[in-house]
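Worksheet: the structure to be examined is printed underneath.
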There are 2 protein chains.
Amino acid sequence: MSKKGILTVVSGFSGAGKGTVMKELLNQFDYGLSISATTRAPRQGEIDGKEYFFLTRDKFESMIEQNQLFEWAEYVGNYYGTPKKYVEEQLELGKNVILEIEIQGALKVKEQFEDALLLFITPPNAEELKKRLINRGTETIETIQKRLIRASEEAEYMNCYDYIVVNDDLKACVEQINQIIMNEHSKSSKNKEFIKEISNELEAFKRGEF
Amino acid sequence: MSKKGILTVVSGFSGAGKGTVMKELLNQFDYGLSISATTRAPRQGEIDGKEYFFLTRDKFESMIEQNQLFEWAEYVGNYYGTPKKYVEEQLELGKNVILEIEIQGALKVKEQFEDALLLFITPPNAEELKKRLINRGTETIETIQKRLIRASEEAEYMNCYDYIVVNDDLKACVEQINQIIMNEHSKSSKNKEFIKEISNELEAFKRGEF
């Protein structure tokens with residue numbers, strides 16, 4: 001079966017529990033890391049190539065020009081993005097890599113990397129999403145309303161994802177995502193090499209090399 | 001998530017262990033049955049609607065004409081086929097149905113039922129297939145050679161399947177197939193209803209129904 005790593009992109013509504021799901025996935029299973037690039041200054045203790053690749057604006061912009069990023073965005077005057085090279089190296093080594101990216105970024109990854117697996121994490125219904133946002137207890141009603149309006153806009157893109165994963169029970173959700181990624185290795189579209197090999201071997205029998 | 005049953009079609013090389021895998025799947029998990037139709041006479045003890053739907057040639061041919069079969073073939077003077085109605089009833093009831101059908105039949109099912117999930121079972125390599133056919137001890141070298149030649153022709157269609165499942169370890173293979181089918185319920189293409197519902201609920205928040 002396909003030994004190359006699978007590139008998975010996880011998105012979901014704010015309040016769906018993406019962060020916790022990602023943390024559990026990376027804790028429990030052996031996924032390859034993705035390291036983002038940024039032009040913001042390193043904070044105390046942050047190491048280049050660990051928390052981020054810290055780049056100058058010139059370097060970042062030349063990477064944009066040379067199409068070396070899966071996706072990028074500018075946020076509060078700084079660039080943030082996902083360098084292709086580091087991810088591709090890990091995939092070649094057979095590591096599955098998971099990226100948590102918001103929807104527009106996720107769709108950009110898919111455009112450039114057709115084999116990417118897109119997962120969308122959602123609570124079982126909108127009422128539950130509202131409840132979770134309220135229960136966080138960290139945000140004003142206005143902020144929660146803004147998040148729900150944003151979720152309503154984001155819902156239009158759910159069809160672009162390969163799977164919709166309901167995060168009702170954390171353990172079950174994490175397990176399901178891991179299973180989906182493992183089974184992705186068995187997709188026929190990802191096993192052209194295997195199909196070719198077994199075809200050639202069978203062909204040899206046909207030629208009488210029994 | 002999608003409550004409608006998933007229609008799965010399993011094919012694979014003769015000697016890949018399909019029969020045992022199917023038996024284990026139906027034993028261990030709660031799958032809906034498919035009952036084939038045939039024009040051959042019932043054998044002693046066979047009950048209409050249990051082992052087969054036993055039909056007259058006229059009835060079978062009228063079902064062909066009215067497109068009421070997913071696939072059919074004539075074998076030693078008798079018709080065999082898969083009636084749509086019985087399968088569709090079970091899918092509507094939320095039962096997952098698995099059909100074991102050879103390649104041409106499987107592709108016919110997919111043509112008529114786009115949502116069907118196609119799985120191809122294979123041993124890890126051609127040498128292992130040969131070994132299994134020899135170890136059965138029931139067939140002459142000539143028959144084994146014929147089966148391998150047929151496998152070589154069948155290999156050309158592996159790309160048409162959704163997943164290639166290696167049957168190396170029976171238990172793992174059965175588990176993987178069941179997982180693939182379970183996760184199929186989370187495909188976004190099978191959850192248009194869910195996406196629509198959560199979108200409408202979120203839309204209501206946007207209109208201020210908070």
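Each residue, glycine too, has its Cβ placed from N, Cα and C.
The ATP binding site annotation in TrEMBL covers B:GLY12, B:PHE13, B:SER14, B:GLY15, B:ALA16, B:GLY17, B:LYS18, B:GLY19. Per TrEMBL, domain 'Guanylate kinase-like' is recorded for B:5-182.
Around B:PHE13 (ATP binding site), the C-beta neighbours below 8 angstroms that are at least 6 residues distant in the chain are B:ILE121, B:THR122, B:PRO123, B:LEU129, B:ARG147, B:ALA151, B:GLU154, B:ALA155. Comparing the binding-site residues B:GLY12, B:GLY19 by how many other C-beta atoms lie within 10 angstroms of each C-beta, the top residue is B:GLY12. If you take the C-beta of B:LYS18 (ATP binding site) and look for same-chain residues 6 or more apart in sequence within under 8 angstroms, you find B:VAL10, B:SER11, B:GLY12, B:GLU100, B:ILE121. It is B:GLY15 that, of the binding-site residues B:GLY15, B:GLY17, has its Cβ surrounded by the most other Cβ atoms within 10 Å. Note: B:ALA16 (ATP binding site) has non-local neighbours B:ILE121, B:THR122, B:PRO123, B:LEU129, B:ARG132, B:ASN167, i.e. same-chain residues 6+ apart with C-beta under 8 A of its own C-beta.
The Cβ of B:SER14 (ATP binding site) lies under 8 Å from the Cβ of B:LEU133, B:ARG147, B:ARG150, B:ALA151, each of which sits 6+ residues away along the same chain.
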